[in-house]
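According to Swiss-Prot:
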REGION    1-47  region 'Disordered'
COMPBIAS  10-29  compositional bias 'Low complexity'
COMPBIAS  31-47  compositional bias 'Gly residues'
DOMAIN    68-187  domain 'Rhodanese'
REGION    216-240  region 'Disordered'
COMPBIAS  227-240  compositional bias 'Polar residues'
DOMAIN    244-387  domain 'Tyrosine-protein phosphatase'
BINDING   CYS331, LEU332, ALA333, GLY334, ILE335, SER336, ARG337  substrate binding site
ACT_SITE  CYS331  active site, phosphocysteine intermediate
Amino acid sequence: MKNQLRGPPARAHMSTSGAAAAGGTRAGSEPGAGSGSGAGTGAGAATGAGAMPCKSAEWLQEELEARGGASLLLLDCRPHELFESSHIETAINLAIPGLMLRRLRKGNLPIRSIIPNHADKERFATRCKAATVLLYDEATAEWQPEPGAPASVLGLLLQKLRDDGCQAYYLQGGFNKFQTEYSEHCETNVDSSSSPSSSPPTSVLGLGGLRISSDCSDGESDRELPSSATESDGSPVPSSQPAFPVQILPYLYLGCAKDSTNLDVLGKYGIKYILNVTPNLPNAFEHGGEFTYKQIPISDHWSQNLSQFFPEAISFIDEARSKKCGVLVHCLAGISRSVTVTVAYLMQKMNLSLNDAYDFVKRKKSNISPNFNFMGQLLDFERTLGLSSPCDNHASSEQLYFSTPTNHNLFPLNTLEST
């Protein structure tokens, strides 16, 4: 059994973003993605005046099959925690601290300096001019820079590499499209991170670990930059994510995509309801009749309005509770979208402020990291619920930093039985 939630599509910002639109459309499934071969050609490039050079997912698959990526230098421009969860084989992650974005825009930041791993840094230095350099973010499909529009991190890196004489392209459809079509060439490790833990940055709300600019930028232009930007300090989230879903309440579990496909885990915790907060991850046991599904088609991107789905998500979780079943709320890595829904549930059902609900979840799962604009939507939700919070002392900060992506962020609350 499955409930598919279909919301209004995300606003198109193809000059700065490749996020998949809401409404269930598969990320990166754009028409006309060409293919080709040859390390230095423009095979699969987008057409049209001013279009940025790209390669198709099919082209990359052929290169990996034929040469094992020997003639390629793959650069993953997504946030570190997404890279650790899953990435294309041989890829190097570019974790750009927010403060360095300004230097990158000014053109005085060597790309090599933002590669954290020494071996990867050397590999980049020796191969960037000889190999085809292919950059990818989460889901950029077709992209034409617009005069005066703010450049994405992907665009800044691509332009700098080409200015430096590199044969650089971006991957059409991004990681989402490639993983969907050629998952055999993706390395997945959603349970742990190989990077050392680091102290979370201090946020505007005082919420440790909040990704101030995961899907935005540094504080100056967080409304405009896309999901290819990194965390505010470029550091990885703590590597303490458990290899099983975390129990938030006796019936409510928070997890990742891998948890949703593990029958042993689902059976162990009595989970019969699964809330899938992604646009394209499949519901593994949908046709067996044993589980009840609801899918919220939202990407982890600044332009997405997750708050419009709060009432339905809360009702779904409560339905599981009323039937004395466990419910798993998951996204890809279990740190952003699913956390946002879980926090919203606690706020409404337990009358907790945003700070208190966030801290409640963080005590259970230390590596949570919702993107900044989802936090803005939770702040709107807090006001709608009439809850008090220390955040109320930061009214001016709300105006400066938060933007709800659509006009549908306010909604009549369902009459729900309190816990």
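Note: Cβ is positioned from N, Cα and C throughout, glycine not excepted.
Positions of the features from Swiss-Prot, shown on the structure.
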residue: CYS331; record: substrate binding site; Cβ within 10 Å: 26
residue: LEU332; record: substrate binding site; Cβ within 10 Å: 25
residue: ALA333; record: substrate binding site; Cβ within 10 Å: 27
residue: GLY334; record: substrate binding site; Cβ within 10 Å: 31
residue: ILE335; record: substrate binding site; Cβ within 10 Å: 27
residue: SER336; record: substrate binding site; Cβ within 10 Å: 26
residue: ARG337; record: substrate binding site; Cβ within 10 Å: 26
Neighbours of CYS331, LEU332, ALA333, GLY334, ILE335, SER336, ARG337 excl. site residues, C-beta within 8 Å of centre, substrate: CYS256, VAL277, ASP300, HIS330, SER338, VAL339
For the domain 'Rhodanese' (68-187), mean pLDDT (0 to 100): 81
Helix, strand and coil residues within the domain 'Rhodanese' (68-187) as assigned by DSSP: 51 helix, 22 strand, 47 coil
Assigned element (helix, strand, coil) containing ARG337 (substrate binding site), judged by DSSP: helix
DSSP three-state assignment for LEU332 (substrate binding site): coil
